[in-house]
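What follows is one structure encoded as structure tokens, with my remarks underneath.
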Amino acid sequence: MTDDVDTHIHEKFDLQKRLGKGAYGIVWKAYDKRSRETVALKKIFDAFRNPTDSQRTFREVMFLQEFGKHPNVIKLYNIFRADNDRDIYLAFEFMEADLHNVIKKGSILKDVHKQYIMCQLFRAIRFLHSGNVLHRDLKPSNVLLDADCRVKLADFGLARSLSSLEDYPEGQKMPDLTEYVATRWYRSPEILLAAKRYTKGVDMWSLGCILAEMLIGRALFPGSSTINQIERIMNTIAKPSRADIASIGSHYAASVLEKMPQRPRKPLDLIITQSQTAAIDMVQRLLIFAPQKRLTVEQCLVHPYVVQFHNPSEEPVLNYEVYPPLPDHIQLSIDDYRDRLYEMIDEKKASFKRIQHEKIRPYGEDKSRAPIAQAECSDTDYDTARSLQRTTSMDKNNSSSHDSSSGTLRERAASAESRTSKDSNGEMRNGNGNTPSSIKQRRRSVERARLFANIKPSKILHPHKLISNY
């Protein structure tokens, strides 16, 4: 195990256990001698073997540097060069399991865990989308969990800035996921049908697939090929109109769908049985053919399925667009990516080109403050625990009173964003007149441990039996 590691890495870390090894790398559970923390140490083999892999490595590091301070995004602690100048080491925060392995274990997750996981995923994706960035590779193995059921989103190798995608000349097809070995089971119809342009809806589709997989215990659309994947989707979701098909901007969509063999349909509500009505409704509203008709992440956060965990003060957004420091709409040389990454290692930080929005994002962020500092959340999971404790005592019939129409969800999303305001001193106040300082004091109360105990599923997850996947 240790023979594959450079000497200078051994000097920094005690390798405790190999968590996994694949064609592209190896991951250890390691002890950081300097910080005295347990980390996940990932060695990427031949990170700069070709321009495609070089660009993916570069993207992952750059986007993690920008988004890693969100409580639901995996933190990249450090980056280390390898002696051979081909490999690279990444030190991440350690997480006990990933959602893929948890689902494989069977009936580990209860309904409340699934709701809590989805709410945290929506928070993470809202943060990315507010910076105009798509993750593009959302799947259960990229959703990491700890014993407290806290979620961390990982693997940003396919993430792209929407602004950089818009730099493509009119009529030129944007790069799709076929350049990488990406899991097709979670791809949206517009990607499968080679759309000329795609939107934040690609991530929302993937989130719908993840939720469905948690509900039924297996992948919803396990296609064996691109065509088979499209067939499985079209035999399940609501039939799109001609306008819906035209809206994705694919030259092939109409002809492919017309030639598709007709098989008996099996709607989602017949596949996802023994689940809450709100859960089925959310899946149906996410798995819609036309991207513009899918729920947005803001609407998801106020949907009845997860609204019990919704707290606007715990859902930060960015007030600028995120660009990687190298052009992302063209592929550069291996040396370009490697040299820039090494410069960043030497500088201990990455520079992002930031374009300030004319209109400040919700919650009245102060432009004079550092953007990442604005985005930090303190004691996020404590407030979530409080929310859970309150909602578990509520009448179960309350959820039926929610109007699940898209219009109502939009109104709730807008209402939630207006719940906070600033006082005369510039300090944020919520709808009850509380300031962050007063809330923070309450968070430090002796009730903290008791509240966390109400959601801590460590006795259920048995994280030591699960395999992490970074």
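Quick reminder: no glycine exception, Cβ is built from N, Cα and C everywhere.
Feature annotation from Swiss-Prot assigns domain 'Protein kinase' to 13-306.
Under the heading ATP binding site, Swiss-Prot lists Leu19, Gly20, Lys21, Gly22, Ala23, Tyr24, Gly25, Ile26, Val27, Lys42, citing sequence analysis as support. Just so you know, the Cβ of Gly25 (ATP binding site) picks up 18 other Cβ atoms within 10 Å once every protein chain is counted.
When Cβ atoms from all protein chains are considered, those within 10 Å of Asp137 (active site, proton acceptor) total 22, not counting its own. Annotation source Swiss-Prot lists active site, proton acceptor at Asp137, citing sequence analysis.
Summarising the annotation, Swiss-Prot assigns phosphothreonine to Thr178 and lists similarity to another entry as the type of evidence.
Feature annotation from Swiss-Prot assigns phosphotyrosine to Tyr180; the stated evidence is similarity to another entry.
For 362-445, the entry in Swiss-Prot reads region 'Disordered'.
Residues or ranges marked as compositional bias 'Low complexity' in Swiss-Prot: 394-406.
The compositional bias 'Basic and acidic residues' annotation in Swiss-Prot covers 409-426.
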Minimal Cβ count within 10 Å, across the binding-site residues Leu19, Ala23, Val27, points to Ala23
Asp137 (active site, proton acceptor) sits from Val27 (ATP binding site) (Cα to Cα, rounded, in Å) at a distance of 20
Same chain, |i - j| six or more, Cβ under 8 Å of Lys21 (ATP binding site); the result in sequence order is Val27
The rounded CA-CA distance in Å from Gly25 (ATP binding site) to Asp137 (active site, proton acceptor) is 18
